[in-house]
Amino acid sequence: MKVGVIETHHSHPIIPSVVVQDTSEDPGLIEKGENRFARQWYLPGAFAQYNINNNSNKDEEKKKKKEKKSKSENKKDGERQKNKEKKEKHKNKDKKKGKEEEKKKDIFIIDPAGNMYYNWLFCITMPVMYNWTMIIARACFDELQNDYLAVWFIVDYVSDVIYIADMFVRTRTGYLEQGLLVKEEQKLKEKYKSSLQFKLDFLSIIPTDLLYFKLGLNYPELRINRLLRVARMFEFFQRTETRTNYPNIFRISNLVMYIVIIIHWNACVYYSISKAIGFGADTWVYPNTSHPEFARLTRKYVYSLYWSTLTLTTIGETPPPVRDSEYFFVVVDFLVGVLIFATIVGNVGSMISNMNAARAEFQAKIDAIKQYMHFRNVSKDMEKRVIKWFDYLWTNKKAVDEREVLKYLPDKLRAEIAINVHLETLKKVRIFADCEAGLLVELVLKLQPQVYSPGDYICRKGDIGREMYIIKEGKLAVVADDGVTQFVVLSDGSYFGEISILNIKGSKAGNRRTANIRSIGYSDLFCLSKDDLMEALTEYPDAKAMLEEKGKQILMKDGLLDIEVANLGSDPKDLEEKVAYMEGSMDRLQTKFARLLAEYDAAQQKLKKRLTQIEKILKPVMEQEFLDFEEADPPTDKPGVTKTE
């Protein structure tokens, strides 16, 4: 209960009255000075001096305040959670938008180096070739246009659809930028629109066919703008030339096609001129079509083609021209024939010579060997063996020097080709089975192909082993000293000589061959020399130790290892080899240093000459500027000296 003094309004001695208010219902209304449920009574005067508070009401007020705070806090927490949820929703939406934008950016792109693009080039080449051959023919030969009108309309508009699709394909064809394939749609469209090809493509699909409604259907030359898409045909031929395994044959076929198209166009123009002058008007034009034999469409085209071929190739005789226009046309034909066919025939000749270049070079080697053997009086049997060996190389297409061919490739591609061809073969060798990949790659690049004739000895017993061999193709026999008795026959994938090139200490055979190995027929082998192996092992000391350990184990199994010698310290020969290698390295370094010093001296002399020339040019200029400076600023009087009047 809260007691407050409400009012005093008597003039006589004041007896204050006290109004007792029950504020348990709502303490907030008391603070505002109002209470809907006020219960008031007046207390006698002495109590009017005091405000009376009920403790229970205070506790209730505190509880209610706490409840309000908790409610407000709960509301705030709820709002915070809602805000978080909204933010998360916005983030998810942004992520989805970003993914959608990425999907839009990373649209389906055609790789210009892929098969899909090449196949599309073939598809677009067909309508281009159709337009280049049939539009001119239909325009000149009326029967050809009128008799097959429905067919021409179908093929024309199918080719137009392919033309339009080709423009879409161009907007989806990627291109390389800084070595990466561009896949952004906007960039692809902008690049295509800014190119000359877009303008030509756009002109080639302008619907000039609409003029049919005005001029009639007998004017197929209205579609002449379709010929502007010829660049696609050239691109297809270029890519086919790089893809085919027979490029020379393709080039010749391509040139023949160009010749036929030129003759075809010239024949159509000849028939058109004859029609304009009048059939049978003179001896030069096409004969009169009133004759049934010359009225046939086939005869018209074949006769014109025959005349065009004779004129452009300048072979045979044609009827002489009569009118001025006929003379002019024949002169132009002769000039075109001379220029075009001279170029084409020259190209064909160079292609044929290139096709025979390999054979000519190979034949030159054989001729040189024959002359040498004849000059040195080599026996006929040996001469026959040499010629048979050359014949085997040419017949089996092994006359090409692999190193000469692969030298034009970068080291990385050369290594990949060598790995693809030789790595599996090298892994079959026991001592190289567990070697690291880097060493195997080094060794693969050092394998040298060799071909042996029947009866050739690859190695003889007691020879110093400087190479190891891997059989690629053929059969070798381990024979006795008589060369006839065969102990073992080695076939494809076999190898020998791997221990001798390691020069293992304690080997009872040293680095000598322990058997005679002879080729039974023609054999293809890969050879790895000791020097190449040691050069590769200098960068792989752990691999070298592992190979020597494997070699020792193989020798121990065969009983060819002296363990006491093997357990001794380093061999003096090894130290000598190392010293010799160091001396060679020092010599190479000295040579390089001397070359660098000479280059430095030459560069220093050039700089001195240039400085001298600069001084000569600038010296008079500097002197003139110094004189001008002295004239502009004359010397002043010395300080402390005054002039007397």
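Backbone N, Cα and C atoms are what each Cβ position is placed from, and that goes for glycine too.
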Of 297-331, 367-401, 472-506, the range Swiss-Prot labels transmembrane segment: 297-331
Membrane side match, Leu121 / Phe294, Swiss-Prot record: no
Transmembrane segment per Swiss-Prot - which of 154-174, 427-447: 154-174
Among ranges 224-242, 509-527, 528-546, whichever one Swiss-Prot labels transmembrane segment: 224-242
Remote residues contacting the transmembrane segment (200-218) - C-beta distance under 8 A, at least 6 residues beyond either end: 142, 145-146, 149, 156, 160, 163-164, 166-167, 170, 224-229, 231
DSSP three-state assignment for Leu439 (3',5'-cyclic GMP binding site): helix
Under 8 Å by Cβ from Glu535 (3',5'-cyclic GMP binding site), counting only residues of that chain that are 6 or more apart: Lys446
Stretch among 122-143, 154-174, 250-273 sharing the most Cβ pairs under 8 Å with the transmembrane segment (297-331): 250-273
Residues from the same chain, set at least six apart from the ends of the topological domain 'Extracellular' (144-153), whose C-beta lies under 8 A from its own: 134, 137-138, 217-218, 220, 297
Long-range environment of the transmembrane segment (122-143) - Cβ separation under 8 angstroms, sequence gap at least 6: 152, 155, 158-159, 162-163, 166, 218-221, 223-224, 226-227, 229-230, 232-233, 236, 261, 264-265, 268-269, 271-272, 275, 297, 300-301
Neighbourhood of Ile471 (3',5'-cyclic GMP binding site), C-beta criterion under 8 angstroms, separation at least six: Leu490, Ser491, Asp492, Gly493, Ser494, Tyr495, Ser523, Asp524, Leu525
Secondary structure at Gly455 (3',5'-cyclic GMP binding site), reduced by DSSP to three states: coil
